[in-house]
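*Asks:* First, the structure itself, so that you have it in front of you.
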Amino acid sequence: MFYLLGIFLAIVSTITDLIGKQLVRYSALLEQRGAFARARSSLIAGIVVSAVAGPLLDLGAYAVAPASLLAPFASMDVIWNAGLAPWLLNEKLTRPRCMAIVLVFIGTLIAGICGPRDDRLYTYESAEELVVSMRTPIYLAVLFGGIAFSTMVLSRRPTGDPMRGIALGLLAGSLSGNMFCVKLLMELVQISYRDSWESVWTKWLLYPLLLGAVFFAVSNLVFLTKGLREYQALFMVTVFEGAGMVTNAISASVILLECDNMEWWRVFLYAFGLCTICFGMLVLCKNEFKALEEENLQDDISFSPREGEDAKDLGLGAGLEEGNLEEQSVTENSPESKFSLSL
């Protein structure tokens, strides 16, 4: 029954993570309004909450529950964000975004119910065997190859491009989703407490896992912070959590072999839940591309009834220019102007 405690801690972790993300996004909005001091404070608070509170809760969760079971619950962040972003950040919850969030929620329920529940009893030798297996370097090579490709996409896309936003979300999510380091690290700490200090701390495996856990926890914040400052939270959080959940589930299945002892039908439903979450992300991304095309189409229109109203918001120069145009129009239509033209 310890897995229930792990699920509880994982859900609380999603709430604290959401608070951090909302603060980071709010800092960008404050900066746009010119409140730079408040924006800086909000940004620092958001990064601290995301870098400290969330990882500490994750450590407790992964110490008592399998990584594959906890992976889908990370996407609960999307649900909390859908309820708070329209209220706190004044973001629009469109129908496609609602559909994507519902799909992510349904996939989370299916994967959470059908995922592995029994946490195996690790020894130092069994943990070392998992890490030195050929599966681990192959997985890491594929992971960092995808990260390199996403980085290339980032370097070629301008700010505001949906593909750039997707790349930022995938980068941050795929980095944060590698919780196998945290899982094995906590298992080794428990082994040292259960057996002896020398059985773990005098050997090599603990230290690469510690470095890996710190690297994945910190590096994802760089891309996540950048993404939240450039894109709306309803978009970025959905891509980030979906990518993180899928990466976590794959790493736990490939490296930790947590799905090996499950019945075939549970494995099938677990995979179906993951695919449902991915489909929700696809719906969201397609909607963002469509919204960008509609925005570009509107920008291409040479004249619209609101052009005069929009010009008033551009500053003193635009207002003067608009006034000069109106004065010129009145002058041209006056009788004196017509008389001078006839001459």
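From the backbone N, Cα and C atoms, a Cβ is placed for every residue, glycine too.
Features from TrEMBL:
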- 6-24: transmembrane segment (TRANSMEM)
- 44-64: transmembrane segment (TRANSMEM)
- 70-89: transmembrane segment (TRANSMEM)
- 98-116: transmembrane segment (TRANSMEM)
- 136-154: transmembrane segment (TRANSMEM)
- 166-185: transmembrane segment (TRANSMEM)
- 205-224: transmembrane segment (TRANSMEM)
- 233-255: transmembrane segment (TRANSMEM)
- 267-285: transmembrane segment (TRANSMEM)
- 322-343: region 'Disordered' (REGION)
- 328-343: compositional bias 'Polar residues' (COMPBIAS)
*Asks:* Residue list, the transmembrane segment (98-116) vs rest of chain: Cβ under 8 Å, 6 or more residues beyond ends.
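*Replies:* Answer is 7, 66, 68-69, 71-73, 75-76, 78-79, 82, 238, 241-242, 245, 249, 258-259, 261-262, 266, 269-270, 272-281, 283-284, 287.
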*Asks:* Apart from its near flanks, which chain residues at least 6 from the ends of the transmembrane segment (233-255) lie with a Cβ under 8 angstroms of it?
*Replies:* 18, 21-22, 25, 66-68, 70-72, 74-75, 77-78, 81-82, 85-86, 89, 91-93, 97, 100-101, 104, 108, 111, 130-131, 133, 135-136, 139, 143, 165-166, 168-170, 172-174, 176-180, 183, 220, 224, 227, 270, 274, 277-278, 280-281, 284-285, 288
*Asks:* Go through 44-64, 205-224, 267-285 and flag the stretch with the largest number of C-beta pairs under 8 Å relative to the transmembrane segment (6-24).
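*Replies:* Most contacts with the transmembrane segment (6-24): 44-64.
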*Asks:* By Cβ distance under 8 Å, which residues at least 6 away from the ends of the transmembrane segment (205-224) in the same chain are close to it?
*Replies:* 21, 24, 47, 50-51, 55, 124, 127-128, 131, 168, 171-173, 175-176, 178-179, 181-182, 184-185, 188, 236, 240, 244
